[in-house]
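J.: Right, I'll just put the structure down here and ask away after.
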Amino acid sequence: MLGVRRALLLPPLQLALLVAAGTGARVSAPRSLAWGPGLHADAVLPVRYFFLQSVDSDGRNFTSSPPGQTQFKVVVKSLSPKELVRIYVPKPLDRNDGTFLVRYRMHETVHEGLKIEILYGGEHVAQSPYILKGPVYHEYCDCPEDDPQAWQKTLSCPANEPQIEQDFISFPSINLQQMLKEVPKRFGDERGAIVHYTILNNHIYRRSLGKYTDFKMFSDEILLSLARKVTLPDLEFYINLGDWPLEHRKVNDTPGPIPIISWCGSLDSRDIILPTYDVTHSTLEAMRGVTNDLLSVQGNTGPSWINKTEKAFFRGRDSREERLQLVLLSKENPQLLDAGITGYFFFQEKEKELGKAKLMGFFDFFKYKYQVNVDGTVAAYRYPYLMLGDSLVLKQESPYYEHFYVELRPWKHYVPIKRNLSDLLEKVKWAKENDEEAKRIAKEGQLTARDLLQPPRLYCYYYRVLQKYAERQVSKPMIRDGMERVPQPDDSTSVRQCHRKRPEREEL
């Protein structure tokens, strides 16, 4: 049964009607529901999306895929026949719980607006057709909203993020001059992976500190994407592109900690955490450069629970010794665990003993009922995607965390396993013997992950971190020597079609 507290996932008027439709029921197009950011012109995202809830003629929600061959059909087109635009609309993703996820990616801006038709068996669904009055901007249109509060309201940003509040407790004020002196000395050596950013007048500037800064392409792309959507505060900060969090000083130390921004946190560090480059890149490149993203995984969760293989499953690199232990456990207990290493780098001498497993498509992981999540060098960045599936996640206890872990609870959203994996087999046996409880935890984890990992929420999180940081600066951010401007991708239509900008006049 779907939870009733997730307003972004279920339309409010339907919250009282969560009664499963009968097995012989048919979908009623008029009574079915459509909602989500993709039905609103102002909610600019790389991939726009919305949800469908299949409902029968008695007003009861389907809680599994509707029977029969009829499918939802969605057409997204320009309101004006004079505007010829490319819009990619794949077929709706069946989330196997009676809901569907509809995605579309715009490749040009539409000035007049969009018309979205949602059909089932030739009938319009809910309030279809939906009219999105123009302009409707595509991802690369540089047209930021000047009112951050209005932008946050459009995306339904949460009032607060617990991890952000926790991270900034250590930094009631931020001394840029102190950081300018300390960061290059402490973290900017030959092995460093630090990028120094300044955002000024919504333009982004940076300089690299250290040798290993190629991953700045990932921090660049999400900052540029954010700046195209909303006017950012002026600020100056350092992003750590490496795996491990850097600042280990305690609040009471002298000198105290400095606010380094990282993608992964740990219990013994003070870094400020942002969503990982993996989830932001997959969000930016969804339906274009990547196939596994926070949306696509929701429609590729494998067989239904009852038809999944009753084993725990793992595939991955050898980036932590416990992963090798998984393979040994698997060899000794093949009836409970299927684990394999797909690539050796850290423990190459073990390949002959443990063998090398063939690569598998990520979506095939969900053929198995239980997923083992073990750290890599730090937190395993597959974890968000595993949580969005409908398998039960067995998560290794870890000092490392991503931005959303603070919202998850053991035995409610996942089953914990000890750091040394000594209780893994015991937990697999428990899950097999308590199938309904295991299924309930898996479902609760999936629904919570759907809420926490929506693409708009990532943008909200990024903006809130930058905003909190900017509020605490005690001196004015500046463009420093050696910084270069990071240009927006070229889009000749941006200025012409952005209603918030006037074309720049050419100098005579």
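Any Cβ shown, glycine's included, is placed from N, Cα and C.
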J.: Can you tell which of ASN307, ASN420 Swiss-Prot marks as N-linked glycosylation site?
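T.: Checked Swiss-Prot: the N-linked glycosylation site annotation sits on ASN307.
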J.: If you look at how Swiss-Prot annotates this chain, which of 97-100, 109-112, 329-332, 505-508 comes out as motif 'Prevents secretion from ER'?
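T.: Residues 505-508 are the ones Swiss-Prot records as motif 'Prevents secretion from ER'.
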J.: Hey, what's the Cβ neighbour count for ASN307 (N-linked glycosylation site) at 10 Å?
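T.: Around the Cβ of ASN307 (N-linked glycosylation site), 9 other Cβ atoms lie within 10 Å.
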